[in-house]
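These notes concern the structure reproduced below.
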Amino acid sequence: MGSSPLLILLVLSLSVSSYAKLTTNYYAKSCPQFAQIVRDAVVGKQVATPTTAAGTLRVFFHDCIVTGCDASLLIASSATNKAERDAEMNINLPGDAFDVITRAKANLELTCPGIVSCSDILAQATRDLIKMVGGPFYEVRLGRKDSLFSRATDVDGKLPSQQMTMEQIFALFAARGFSIEELVALLGSHTIGFSHCKEFANRIYNNSLTSDVDPTLNPEFAKGLKKLCVNYQKDNSMAAFNDVVTPGTFDNMYYQNLKRGLGLLTIDQKLLADPRTRPFAERFAANQTDFFNVFARSIEKLSRLDVKIGKNGEVRHRCDAFNTKQI
């Protein structure tokens, strides 16, 4: 799969080391209102904008999988630095996800100034939002520091794309210490949220020399997508729900949809087509509790990926800017 056993062991070793530094009660004395303040921000935003949960989960994944869970994705670009947020793969990340973190941070700064990191807020808010829309609960270990750098170039090749082969996707996740089972569970995040038409246009327009539409798509579903996305090249905001059956609920319907040809993205349908991922996709389709258990374990593991501690990071005053101006 392209990743040496030594590399995987190194990744796991670093993860375990960081894991030992994080605790669930990190703010018990320094900011006892932490959990409640984050929860209040999350509830208010999700009620007002129901796509916030999916957007925040996506931002969390994009942040963690690139350089670790360090809020580097929250940094705004400057005249001298193009930050991760402006990398091509991150351009369409939803603003509501950034907004909920900004709101929580502003309220925390009023109560506990200079104490709570943006990376901890993002991790906690993601868990709260997943639970709020029906997903599993898992403990969030805290004590992360925020990154001291954010570069768009770091994103290249670090996020799964529709152009990647399954071998490349396996290698990407394996290099970060994730098994195929965990990969399939994490892709279950597609049970909520939406994708822009350009991300699946290759499946509904000029798919091959013999078929305009990907033959693995349900014909009626494909017809509806073509109608929805007819002007997507002029309007890049056009999008479709990842899960057309229960788009606002975190459940195992995503996997059930795959069997009906209702997987939206190429990578979704590949889960059922590839013999290495199919058993897990079928397992999760048949048993939501099983999916929830593996997902909770996998995202908690993701939340500890390459976290910054001590002098390797800082607690930002604002989540979109470093405390010291970068040269």
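FYI, residue positions are counted from 1 along the chain as it appears here.
For all residues, glycine too, the Cβ spot is worked out from N, Cα and C.
If you check TrEMBL, you get these features:
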type	residues	note
ACT_SITE	HIS62	active site, proton acceptor
BINDING	THR191, ASP243, THR246, ASP251	Ca(2+) 2 binding site
SIGNAL	1-20	signal peptide
SITE	ARG58	site 'Transition state stabilizer'
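Taking the Cα atom of each, the residue listed as 'active site, proton acceptor' and THR191 (Ca(2+) 2 binding site) are about 17 angstrom apart.
Ranking the binding-site residues THR191, ASP243, THR246, ASP251 by the distance of their Cα atoms from the Cα of ARG58 (site 'Transition state stabilizer') places THR191 first. When Cβ neighbours within 10 Å are tallied across all protein chains shown, the highest count among the binding-site residues THR191, THR246 belongs to THR191. The Cβ of ASP251 has fewer other Cβ atoms within 10 Å than any other of the binding-site residues ASP243, ASP251. Within 8 Å of the centroid defined by the CB atoms of THR191, ASP243, THR246, ASP251, the record's Ca(2+) 2 site, lie the Cβ atoms of ILE192, VAL245, PRO247, THR249, PHE250, ASN252, MET253, TYR254, ASN257, excluding the listed residues themselves. A sphere of 10 angstroms centred on the C-beta of ARG58 (site 'Transition state stabilizer') encloses 22 other C-beta atoms. Counting every protein chain shown, the number of other Cβ atoms lying within 10 Å of the Cβ of HIS62 (active site, proton acceptor) is 20.
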